[in-house]
Amino acid sequence: MASIILINFSETDTLHLGSVNDHIMPRIGYTILSIIMALSSTFGIILNMVVIIVTVRYKQLRQPLNYALVNLAVADLGCPVFGGLLTAVTNAMGYFSLGRVGCVLEGFAVAFFGIAGLCSVAVIAVDRYMVVCRPLGAVMFQTKHALAGVVFSWVWSFIWNTPPLFGWGSYQLEGVMTSCAPNWYRRDPVNVSYILCYFMLCFALPFATIIFSYMHLLHTLWQVAKLQVADSGSTAKVEVQVARMVVIMVMAFLLTWLPYAAFALTVIIDSNIYINPVIGTIPAYLAKSSTVFNPIIYIFMNRQFRDYALPCLLCGKNPWAAKEGRDSDTNTLTTTVSKNTSVSPL
């Protein structure tokens, strides 16, 4: 039978060595997953490295409001380096070959970088809310505020991903049993209490923060857009461009993470649910693919990052370079605009 009860994963599953799990999925399925993860990890590493390198290299990008973006790129780099590449290898082998310790370390690393990335998106949303929606936000937002957001994302992720290392919760194989994650399936009170706290504070809270911040941001941008005629259109144009980029960035992140969060919540609520392990693997792989989308959005929707990153990727060429007004537009994006709201590069 193709379906299994997810809660039946045991500690010995993570020690299973030397044979392909073809009772879960045919060998060709593992090969396909290995190729997908190898490609996703490679692109994720390259693109996030470009974001980090161009930010470090060019002073124009080293602004407080860009710190959270670079922090997200670091988190998105950690996921494929410490998780994606390993998953590609284990899928190529058809079973998890790293033993119990390897499972714990891989599960911790992916969860640590993944939640740090999710918190970084929440921090980005709060940053934008402060600058766009709050009076004098750009004046008040300083380096110390940006650094506080960066530190918070890592500390928060560390706090909530280390308890399984000490007995409150655990890391266990998931899906087709070639990668590890927090153990959503064990039903004892200690593990359930951890998973509920983890879900509320590492998924629900960042999601709520993102939604609250961007709903207010979009409302403010809509109000500013109505002043386009009176304000020659320049401010409203920049505001709309910024809104489009941040909304697409957040939606891409949520669309990749929400299925995983919903899957985990379903398992927590209904302990007897039957789910095909292949279907159970899809949300996890969607979540891991988010590390590719964010740098693409930075490069192709943010003129500042695009002007510096594309030449780095394309050997000095930038086919999207603006023919006219490049300097004036860049200067507009690197300074605050209008009396009502302020925008910085995203």
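Start at 1 and count along the chain as shown; that gives each residue its number.
Positions of Cβ are set from backbone N, Cα and C atoms, glycine also.
The compositional bias 'Low complexity' annotation in Swiss-Prot covers 330-346.
For Cys103-Cys180, the entry in Swiss-Prot reads disulfide bond, with the evidence type sequence analysis.
Marked as N-linked glycosylation site by Swiss-Prot: Asn8 (among others).
Residues annotated as N-linked glycosylation site in Swiss-Prot, with sequence analysis given as evidence: Asn191 (among others). A sphere of 10 angstroms centred on the C-beta of Asn191 (N-linked glycosylation site) encloses 21 other C-beta atoms.
Classification of Cys315 (S-palmitoyl cysteine) by DSSP places it in coil, neither helical nor stranded. Note: Cys315 (S-palmitoyl cysteine) has no non-local neighbours, i.e. no same-chain residues 6+ apart with C-beta under 8 A of its own C-beta. Per Swiss-Prot, S-palmitoyl cysteine is recorded for Cys315.
Under the heading N6-(retinylidene)lysine, Swiss-Prot lists Lys288, citing similarity to another entry as support. In sequence order, Met37, Ser40, Cys79, Pro80, Gly83, Gly84, Thr87, Val110, Gly114 are the residues near Lys288 (N6-(retinylidene)lysine), counting only same-chain partners six or more apart with C-beta under 8 A.
According to Swiss-Prot, the feature region 'Disordered' maps to 325-346.
Positions annotated as transmembrane segment by Swiss-Prot, on the basis of sequence analysis: 30-54 (among others).
Proximity of distant same-chain residues to the transmembrane segment (67-91), defined by a Cβ-Cβ separation under 8 Å and at least 6 residues beyond the stretch ends, is recorded for 30-31, 33-35, 37-38, 40-42, 44-45, 48-49, 51-52, 55, 97-98, 106, 109-110, 112-114, 116-117, 120-121, 123-124, 127, 143, 146-147, 149-150, 153, 176, 178-179, 288, 290-291, 294-295, 298, 346. Here Swiss-Prot flags 67-91 (among others) as transmembrane segment.
Swiss-Prot lists 107-126 (among others) with the feature transmembrane segment, giving sequence analysis as the kind of evidence. Long-range contacts of the transmembrane segment (107-126) within the same chain: residues 68-69, 71-72, 75-76, 78-79, 82-83, 149-150, 152-154, 156-158, 160-162, 164-165, 171-172, 179-182, 202-203, 205-206, 209-210, 213-214, 217, 246, 249-250, 253, 257, 287-288, 290-291, 346, each at least 6 residues beyond the stretch ends and with a Cβ under 8 Å from a Cβ of the stretch.
The annotation transmembrane segment is assigned in Swiss-Prot to 146-169 (among others). A Cβ distance under 8 Å defines the sequence-distant neighbours of the transmembrane segment (146-169), meaning residues of its chain 6+ beyond its ends; these are 64-65, 67-68, 71, 75, 104, 107-108, 111-113, 115-117, 119-120, 122-123, 126-127, 182-183, 190-191, 193-195, 197-198, 201-202.
Away from its own ends, the transmembrane segment (194-221) comes close to residues 115, 118-119, 121-122, 125-126, 128-129, 132-133, 156-157, 160, 163-164, 168-169, 182-184, 239-240, 242-243, 246-247, 250, 254, 257-258, 261, 264-265, 268, 341 of its chain (Cβ-Cβ under 8 Å, at least six residues beyond either end). Annotation comment: Swiss-Prot describes 194-221 (among others) as transmembrane segment, evidence class sequence analysis.
Using a Cβ-Cβ cut-off under 8 Å and counting only residues 6 or more beyond its ends in the same chain, the transmembrane segment (245-268) has close neighbours at 6-7, 118, 121, 124-125, 128, 182, 184-185, 192, 195-196, 199, 203-204, 207, 210, 214, 217-218, 275, 280, 282-284, 286-287, 289-290, 293-294, 297-298, 301-302, 346. If you look up Swiss-Prot, you'll see 245-268 (among others) marked as transmembrane segment.
What Swiss-Prot records for 277-301 (among others) is transmembrane segment.
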Inset, instruction - Just name the most isolated of the disulfide-bonded residues Cys103, Cys180, going by other Cβ atoms within 10 Å of its Cβ. - result: Cys103
Legend entry - Within-chain partners of the transmembrane segment (277-301) [C-beta distance under 8 Å, separation at least 6 from its ends]: 2-4, 6, 24-25, 29, 33, 36-37, 40, 43-44, 47-48, 50-51, 69, 72-73, 76-77, 79-80, 83-84, 87, 110, 114, 117, 174-177, 179, 181, 244-245, 248-249, 252-253, 255-257, 259-260, 262-263, 309-310, 313, 320
Legend entry - Whole-number Å value for how far Asn191 (N-linked glycosylation site) lies from Cys180 (disulfide bond) (Cα to Cα): 16
